[in-house]
Amino acid sequence: MAEHHTATDSKHKASLNAGGSLHGNSRPNAACGGGGKGGLSGGLAQPAGWQSLLSFTILFLAWLAGFSSRLFAVIRFESIIHEFDPWFNYRSTHHLTTNGFYEFLNWFDERSWYPLGRIVGGTVYPGLMVTAGLIHYVLNLLHLTVHIRDVCVFLAPVFSGLTSISTFLLTRELWNQGAGLLAACFIAIVPGYISRSVAGSFDNEGIAIFALQFTYYLWVKSIKTGSVFWSIGCCLSYFYMVSAWGGYVFIINLIPLHVFVLLLMQRYSKRVYIAYSTFYIVGLVLSMQIPFVGFQPIRTSEHTAAAGVFALLQAYALLQYLKNRLTKQEFQTLFFLGVSLAAGVVFLTVIYLTYTGLWFCIKNVNDERVFVALYAISAVYFAGVMVRLMLTLTPVVCMLSAIAFSSVFEHYLGDDMKRENPPIEDSSDEDDKRSSGNLYDKAGKVRKHVSEQEKAEEGLGPNIKSIVTMLMLMLLMMFAVHCTWVTSNAYSSPSVVLASYNNDGTRNILDDFREAYYWLRQNTDEHARVMSWWDYGYQIAGMANRTTLVDNNTWNNSHIALVGKAMSSNESAAYEIMRSLDVDYVLIIFGGVIGYSGDDINKFLWMVRIAEGEHPKDIRESDYFTPQGEFRVDKAGSPVLLNCLMYKMSYYRFGEMQLDFRTPPGFDRTRNAEIGNKDIKFKHLEEAFTSEHWLVRIYKVKKLENREPLEHKLRSIVPRQKYTSKKTSKRKRGHIRNKLVLKKGKKLNKK
Amino acid sequence: MARSIPFCTVPTCLLLITGLCCRVVANGLVNEEVKRTVDLSTHIAKITAEILLLNQGDSAVHSFILAVEPELAPNLAYVGASVKGDEEEDGILELKQTMIQGQSGEFYKVQLPSSLAVGAKLRVKVETVLSHILRPFPTHITQAERQLVVFQGNHYLYSPYPTRSQTTRVRLASKTVESYTKLGNPSKSDEAIEYGPFRDVAPFSEDALKVHYENNTPFLTISSITRIIEVSHWGNIAVEETIDMRHTGAFLKGPFSRYDYQRQSDSGISSVKSFKTILPASAQDVYYRDEIGNISTSHLQILEDSVEVEVRPRFPLFGGWKTHYILGYNLPSYEYLYTLGDQYALKMRLVDHVYDDQVIDSLTVKLILPEGARNIHVETPYPIDRIPDQLHYTYLDTFGRPVLVASKNNLVEQHIQDVVVHYTFNKVLMLQEPLLVVGAFYILFFTVIIYVRLDFSITKDPAAEVRMKVSSITEQVLTLVNKRLGLYRHMDEVVNRYKQSRDTGALNSGRKILEADHRTLTNDISSLQARLKAEGSDLADKVGEVQKLDGQVKELVCRSWQEAERLVAGKVKKEAYIDNEKTLSSKRLELVTRIDSLLDTL
């Protein structure tokens with residue numbers, strides 16, 4: 001709130017020659033690490049002008065900071081798609097841009113899940129691809145010839161800027177503009193969000209968090225105004241969220257919860273009724289337009305709470321209406337009350353089962369602050385349930401901490417602050433009736449007092465103030481440094497390209513994945529089928545452009561189990577499976593040479609377990625352990641393990657290889673053991689390619705060998721004449737036409 | 001030639017046709033002495049023949065004919081002739097393809113620099129480059145095996161003229177030779193086979209020369225290359241080459257073992273690990289990538305006269321393997337673009353170096369000229385197929401840049417020559433793009449201004465309008481009241497100054513000015529108050545209260561004024577004055593606080 005008054009501040013300071021204290025606007029700048037904007041002393045007639053200029057600058061800087069802190073991977077490596085799932089998203093976006101939207105919706109991808117295939121259009125959330133495709137389309141329409149890959153790589157950083165703007169809007173609605181700016185700066189650089197939105201991480205979450213925050217903003221707006229316009233906006237934003245991420249369920253549960261709690265708190269109003277009824281009906285219809293969602297919103301249990309609250313709200317509204325109309329007819333009222341109570345009890349139980357019972361009370365409570373409290377609590381709950389949903393927690397933490405910082409600064413920095421009024425949001429564009437009293441009043445009018453100059457010292461000593469302020473600023477700076485450090489170290493590796501550092505600081509790039517994938521792309525048949533563990537399915541499809549058996553969309557467990565079984569069987573049994581699946585190449589990851597720990601031998605027990613789940617007769621996990629229950633690859637390892645296909649493929653000819661003089665040949669650096677089976681021969685496979693550091697090994701499945709030629713000569717059948725007319729004068733034997741009647745198992749007449 | 005007439009009437013026919021042909025082509029020229037070198041040390045065959053031409057006819061000769069065997073003609077990539085000068089420099093001769101009736105093969109008519117008189121001699125050098133002529137045999141080898149290839153050619157110089165004497169020297173890539181034809185008992189040294197000399201060879205003689213030998217040089221072929229040259233008048237020429245490359249030697253049979261490849265130096269000896277591409281010396285921002293990103297295994301070396309890129313494909317190329325990559329760089333345009341007024345000329349290499357002894361099966365060149373280039377005229381060093389021009393749209397283009405497209409098949413190193421493109425370009429068009437940006441921003445800001453300033457709401461809300469009016473009035477009241485309070489400060493200062501200087505005149509004049517100001521301000525505020533009342537706002541009362549309080553403040557100020565005058569006049573004691581002043585100022589402070597709290601409620 002402090003920068004609210006900077007213009008009047010400076011005027012008064014000029015006229016009252018009051019001792020120079022801290023400028024109010026120094027805080028948000030420090031938070032976003034941007035450049036200072038000190039020269040405010042020039043008297044601009046309108047405080048609103050300065051205020052919006054300052055907000056605009058801060059938001060712009062927050063966007064810039066968020067964008068650039070996500071670029072570590074691009075600068076260190078290159079503009080490349082990261083990890084696994086983004087490769088699928090990229091591939092489908094590429095398909096979308098080359099073949100058009102309808103082709104994309106109808107896309108049957110025959111290159112994955114061989115021989116099943118996958119209906120991509122119906123099994124993805126298309127929001128991400130459509131967004132990237134649309135941006136690409138618009139840019140190309142303007143003749144900005146940007147490659148779709150670059151659009152995909154930079155989509156998440158760009159959307160992080162939009163997220164910070166929508167967080168600003170939401171926090172401004174909830175608290176005030178200063179807190180909003182702080183929240184925008186926080187969300188721009190907070191690691192929890194960066195982890196899913198660095199450049200190259202082309203994933204649903206990157207745009208979904210924006211959609212989430214924006215939907216919440218529009219929801220708060222619509223509940224504050226009770227206007228259908230904002231509700232429809234909220235629905236459209238919700239539709240975008242549904243199209244982008246499965247996490248839309250969070251919204252469709254949180255908003256009903258909010259309404260429900262408002263009802264419980266006796267805060268029912270027409271605004272709530274209009275907002276929620278519009279949102280539920282339009283949002284429901286819109287969300288069902290996404291092919292992947294389809295009829296889920298009316299079938300599955302995640303959505304029942306929303307329906308229940310909708311019905312409850314209708315009943316409640318009806319009750320309110322009847323209260324006004326039918327006060328005399330107590331019987332009827334009671335009747336309706338009874339009915340709605342019964343209904344309410346049902347929904348109550350549903351909702352209490354859905355959510356943990358929670359109740360939160362904060363000072364200065366109003367409708368939207370109830371919302372943020374619920375948001376925080378449910379996000380904490382979800383993050384506790386599944387760590388990946390930490391992502392939903394991040395924005396609300398940013399908002400709440402921004403509010404905390406904002407109010408602390410108001411106390412310690414604001415020597416020109418009004419005491420009696422709590423700071424209230426500046427809803428300058430609000431035009432509804434002031435139903436909630438002065439809560440929605442204009443707060444922008446709070447101004448500097450001439451008289452309080454003298455009073456200011458009474459509250460807190462200037463020393464304490466400045467110490468607290470310095471501490472807070474230190475904290476913010478530490479936060480910025482911490483965020484940058486975490487981003488740079490933890491979240492900025494593409495994981496497709498590995499890098500190692502020498503003692504002198506020079507960098508070696510280990511590009512084995514792409515080497516092998518590109519070899520597959522260039523030097524195998526276009527329709528070759530590649531078997532690998534499902535982790536690499538999307539990458540093989542994306543980079544090698546070859547048909548895979550299983551991939552990261554793990555929808556068919558039995559198929560995965562079959563691949564796991566092939567990997568964990570011996571060669572001849574595996575050959576049977578591979579023949580039945582038409583496998584041409586087998587790809588495995590082997591980290592024993594460079595000590596890469598995420599390789600297939602380390603994942604091998606999972607293959608065994610999944611295979612055992614489907615084929616318990618053939619594969620038993622215990623067979624792969626030593627009698628002592630250890631998983632060992634050396635001589636002490638179990639013979640089943642030492643002869644299974646995965647082991648043989650990983651260590652083929654590795655036994656001859658001596659990495660350095662201190663270790664014996666065939667020493668596996670990842671598992672620090674000398675391998676147990678050094679004499680590996682293949683009968684049905686042959687090595688097709690091994691990458692430079694042996695990280696990726698590709699084997700070719702040989703076709704069936706020709707059968708051995710027969711020793712004896714083929715039986716020659718001389719066509720015998722069945723009938724010749726030998727009617728001579730001597731032998732006159734009559735015959736009947738078509739006489740031959742063959743009987744099974746009976747020899748024909750011998751001569 | 002003899003092959004074409006297989007049956008028993010050969011001798012007569014042969015004589016007849018030969019005689020006929022000789023009459024057609026032989027204008028009395030004789031190959032007096034021929035030295036042929038067949039260089040088979042790489043994956044292409046380079047045949048150079050030094051011919052001493054002798055005119056034995058009865059008139060001067062202006063041209064002679066070069067012939068290429070019908071069997072080799074499909075592989076012919078380049079043929080060139082030059083006159084052996086006295087010094088190093090050779091005069092390149094102009095070639096024109098012709099036909100000779102009754103003879104198969106390809107024929108070129110070479111224009112001599114000056115006419116060759118009767119009995120005169122001239123030494124010419126003929127260079128022929130054949131691609132894909134070395135056939136791997138066996139066609140499939142394992143990783144450990146070495147690559148053997150077969151060359152099939154001609155022992156003699158294929159020529160329409162009789163040859164008096166000739167020698168043929170075959171240079172090989174290695175010492176290992178499986179077999180070679182032994183016409184005339186050739187002598188074989190380390191890496192060369194010498195045939196001849198053969199005497200008095202008839203025109204169009206052919207005799208199969210066959211060499212089967214080991215050749216592990218990289219059998220790389222560029223199966224297709226697309227070279228895009230984009231000229232910008234802002235000082236840059238961007239070059240991008242998209243290359244499909246294939247190893248056209250013996251196919252790899254069986255497995256590829258990385259272990260053997262790493263541990264044994266002669267394993268996969270015919271495979272290609274890397275090669276060098278030489279770029280122009282001023283090349284900058286070189287990139288080397290493919291569909292899935294940057295290829296991290298390359299090195300760049302900047303030399304004095306060139307930039308060397310060590311291009312290492314992602315994987316070593318074995319027989320039959322292929323790869324695909326994009327290599328691009330920027331060049332400063334001042335080195336290649338010449339201008340005179342509106343006339344421009346671009347002089348660039350039509351095709352550039354990719355690797356030594358390169359073979360390009362199919363080349364497509366796209367020359368993107370700036371938007372607005374007209375009267376385009378191309379001079380190519382050798383005939384090349386023009387494909388209809390296209391339009392290319394990139395940053396800030398409106399009507400598209402003209403793209404010249406040309407293609408040619410079967411190129412070798414000798415084709416690295418300059419192409420010249422002339423065009424005219426109106427320099428005013430340079431301003432188009434900046435103006436476009438300026439215009440776009442102008443429209444953007446203008447729209448924002450319009451949007452912010454104008455009211456687009458479809459409903460009229462009188463209440464909101466009144467509220468807005470009231471708020472603007474109160475805003476004005478606030479500033480005026482603040483100004484007025486500031487005036488009191490000012491008055492205090494004047495009084496203080498007066499107390500020190502005791503200048504009554506200054507005090508009075510200051511007082512007069514301040515009072516006048518005060519009066520105007522008070523009047524303004526009351527007029528605003530009246531307007532507030534007219535709007536029907538209850539805030540008018542509050543403003544009235546403020547006015548009232550202000551009157552009291554004014555009184556207090558006047559009193560402190562008088563007190564000060566009395567003090568200066570010596571009418572009151574200093575202590576009494578200070579006490580008085582204290583009470584006055586505390587009263588004033590109280591009043592001001594009340595005013596402030598009133599203002600806050602506005």
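Cβ atoms here come from the backbone N, Cα and C positions, even for glycine.
What TrEMBL says about this one:
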DOMAIN    A:54-357  domain 'Oligosaccharyl transferase STT3 N-terminal'
DOMAIN    A:530-586  domain 'STT3/PglB/AglB core'
REGION    A:420-439  region 'Disordered'
TRANSMEM  A:53-75  transmembrane segment
TRANSMEM  A:119-139  transmembrane segment
TRANSMEM  A:151-171  transmembrane segment
TRANSMEM  A:177-195  transmembrane segment
TRANSMEM  A:245-265  transmembrane segment
TRANSMEM  A:272-292  transmembrane segment
TRANSMEM  A:304-322  transmembrane segment
TRANSMEM  A:334-358  transmembrane segment
TRANSMEM  A:370-391  transmembrane segment
TRANSMEM  A:467-487  transmembrane segment
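In terms of DSSP secondary structure, the domain 'STT3/PglB/AglB core' (A:530-586) contains 33 helix, 7 strand, 17 coil. For the transmembrane segment (A:177-195), the most Cβ-contacting stretch among A:53-75, A:245-265, A:272-292, A:304-322 is A:53-75 (pairs under 8 Å). Summarising model confidence by region, the domain 'STT3/PglB/AglB core' (A:530-586) averages a pLDDT of 88.
It is A:304-322 that, among the stretches A:119-139, A:304-322, A:467-487, forms the most Cβ pairs under 8 Å with the transmembrane segment (A:245-265). Packing against the transmembrane segment (A:151-171) from elsewhere in the chain are residues 55, 59, 62-64, 66-67, 70-71, 74, 79-81, 86, 89-90, 93, 128, 131-132, 135-136, 139, 179-188, 193-194, 196-203, 206-207, 209-210, 213-214, 216-217, 220, 395, 398-399, 402-403: each is 6 or more residues past its ends and has a CB under 8 Å from a CB in it.
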